[in-house]
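K.L.:
Pasting in a structure now, in structure tokens, and then I'll have a few things to ask.
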């Protein structure tokens, strides 16, 4: 396992989030092998692989989760084949479930206004939370990209940030005046007070001055959303969906949105055209007298 993790980290440049998911997926597979008394990886046959996937469906896991677990195990056996000449055909013969095409949820403008209203204030914490919220909506970056951001990555002169995305690919993303004001205020005031006796370059810090973690950001965002008393089921990634949806709704071309989001494939970005179409359809059905 350790050699495989090193392989996908160094050679494949997988993101920390993907690596963590793959480790958890493989751990689940190893538990299954123990249950089925399969003691050697060389004994993993097509029948064993099919039984494992059947059990995943029996647990009523989403197709996206099953698909990711198959991908993780395929990658692991591909590594074993390359390194130790172990047969890797068992999982390659399996049908790869198609991902469910669920439309991403996003915030309407009045809902965003409620979120921003919650974090208006002068305390270091409120300055940090507002800067975090403004930047996530202004740029559409992932939570993991936000926590990795350093002071050197922010260019206030040109209002851009340099983001290290998936596969360690760097991209440039602009931000607007609201985010610029919140960021400048936080980095010159709130962050200085939160840092206390610590010294590092990460932009966003916790209440002890240490670099904030992905989990910490998600906790803060979830708390803001609860305090805003929004009724729909919400999650932090909705800010990224909102960024993309609002751009497409206002006429931005898909290629530009793809670059801003850091998607390697345009097909990942095209989902936002479906969001726009569905929004138009619902508006029409609700508003037209003969709909």
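Backbone N, Cα and C define each Cβ position, glycine as well.
Annotation comment: TrEMBL describes 1-81 as domain 'Core-binding (CB)'. Here TrEMBL flags 102-285 as domain 'Tyr recombinase'. What TrEMBL lists as active site is 142, 166, 237, 240, 263. The active site, O-(3'-phospho-DNA)-tyrosine intermediate feature in TrEMBL is assigned to 272.
Tell me about the setting of these features in this model.
P.N.:
Looking just at the domain 'Tyr recombinase' (102-285), the mean pLDDT is 88.
A coil conformation is recorded for residue 142 (active site) in the three-state DSSP classification, outside any helix or strand.
Just so you know, the Cβ of residue 166 (active site) picks up 16 other Cβ atoms within 10 Å once every protein chain is counted. Annotation note: residue 166 (active site) sits in a helical segment as assigned by DSSP.
A coil conformation is recorded for residue 237 (active site) in the three-state DSSP classification, outside any helix or strand. Its Cβ taken as reference, residue 237 (active site) is surrounded by 15 other Cβ atoms within 10 Å in the chains shown.
Counting every protein chain shown, the Cβ of residue 240 (active site) has 20 other Cβ atoms within 10 Å.
Contacts of residue 263 (active site) defined by a Cβ separation under 8 A and a same-chain sequence distance of 6+ are given as 269, in order along the sequence. For the recorded site, residue 263 (active site), the DSSP three-state label reads coil.
Around residue 272 (active site, O-(3'-phospho-DNA)-tyrosine intermediate), taking its Cβ as the centre, 25 other Cβ atoms fall within 10 Å, counting all chains.
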K.L.:
With residue 272 (active site, O-(3'-phospho-DNA)-tyrosine intermediate) as the reference Cα, tell me which of the active-site residues 142, 166, 240 is the closest one.
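P.N.:
Sorting the active-site residues by distance from residue 272 (active site, O-(3'-phospho-DNA)-tyrosine intermediate), the top entry is 240.
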K.L.:
Same chain only, sequence gap of 6 or more: which residues have a CB within under 8 Å of the CB of residue 142 (active site)?
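P.N.:
Long-range Cβ contacts: 165, 237, 240.
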K.L.:
Tell me the coarse DSSP state (helix, strand, coil) of residue 272 (active site, O-(3'-phospho-DNA)-tyrosine intermediate).
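P.N.:
Going by the DSSP assignment, residue 272 (active site, O-(3'-phospho-DNA)-tyrosine intermediate) falls within a helical segment, counted as helix.
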